Amino acid sequence: MFHVSTAMTNVSAVVPDYMEAYARISDLNLHLNIFEKAWAAWYEYMQNDVLATGIMSFVMHEMVYFGRSLPWIIIDTIPYFRKWKIQNTKIPTAAEQWRCTYLVLLSHFTVELPQIWLFHPMCKYFGMSTDVPFPAWTTIAYQVAIFFVLEDAWHYWFHRLFHWGPFYKYIHKIHHTYSAPFGLAAEYASPIEVMMLGFGTVGIPIVWCAMTGNLHVLTMYIWIVLRLFQAIDAHSGYEFPWSLHHFLPFWAGAEHHDVHHEKFVGNFASSFRWWDYMLDTEATPESMKRRREKKLATAAKKAQ
Ligand SMILES: [Zn+2]
Ligand SMILES: [Zn+2]
């Protein structure tokens, strides 16, 4: 009896209960808010920072990716929403959605999971904080805004490059399997593409951190969650009267990216419309008409 209770005490000292860890952190750190306490208790409970950050990152990605795709899967089954579907004759079948889920999951477990264990050591190497308290919301907001702008530029140029001959044929073609995209297809791509375009999402904040020494992993998570929402919604295939680009005209959204999948040209950027607008790679009926007229005008001038 005595032996059993000692053994149990020892085990609980090595692997503390999460709620116990939370209570201890709470007692010692009255100034922390509930989220900061929960965060610190997680690290205390895990007793292994690499695993704590790794598991949290992977679980967060899976939950957000599939959690955000789910409403779009449901919407696809409801005929009422058909009036807002951009390519409304092409509704993804259940078999297509399953196959896509399977391939995306396969890539998450084989390509992403092994890399995610490097995430914590990399954060530490570049001075990214995983501690509490969290940064001020204003710091989070301006950094996330900067990442949106920089990632969009990165995405524009590399995506445009991926549409060039051999790169398209051997790498990017996989992502273009679905000419009428749906939410789940956002990350359906070659591992090489995931790494190259993923650098814009993960690498840019790391470079930012290396340069400024000012980044918290929570800011990184908030940025990644918003970026996932952006990517999944851009692939949703639905354009609503309340879609964000009606209020923020420079926001790209599904209307912008759906045409890219349908026509295979133009609209290379991810979040914003300015790169495609400035470099005349937009794929709207107006821009195509404008380009056609320009071509005719040049030809007419030459003929004179
Ligand atoms: Zn493309
Ligand atoms: Zn796409």
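In case you wondered, yes, glycine gets a Cβ from its N, Cα and C as well.
Because the structure is a prediction, the values reported are computed rather than measured.
Residues or ranges marked as transmembrane segment in TrEMBL: 140-158, 205-226. Residues or ranges marked as domain 'Fatty acid hydroxylase' in TrEMBL: 145-281.
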If we skip the immediate neighbours and take only residues 6+ beyond the ends of the transmembrane segment (140-158), which ones have a Cβ under 8 Å from one of its Cβ atoms?
134, 196-197, 199-201, 204-205, 208, 215-216, 218-219, 222-223, 226-227, 268-272, 275-276
In the domain 'Fatty acid hydroxylase' (145-281), how many residues does DSSP assign to helix, to strand and to coil?
95 helix, 4 strand, 38 coil
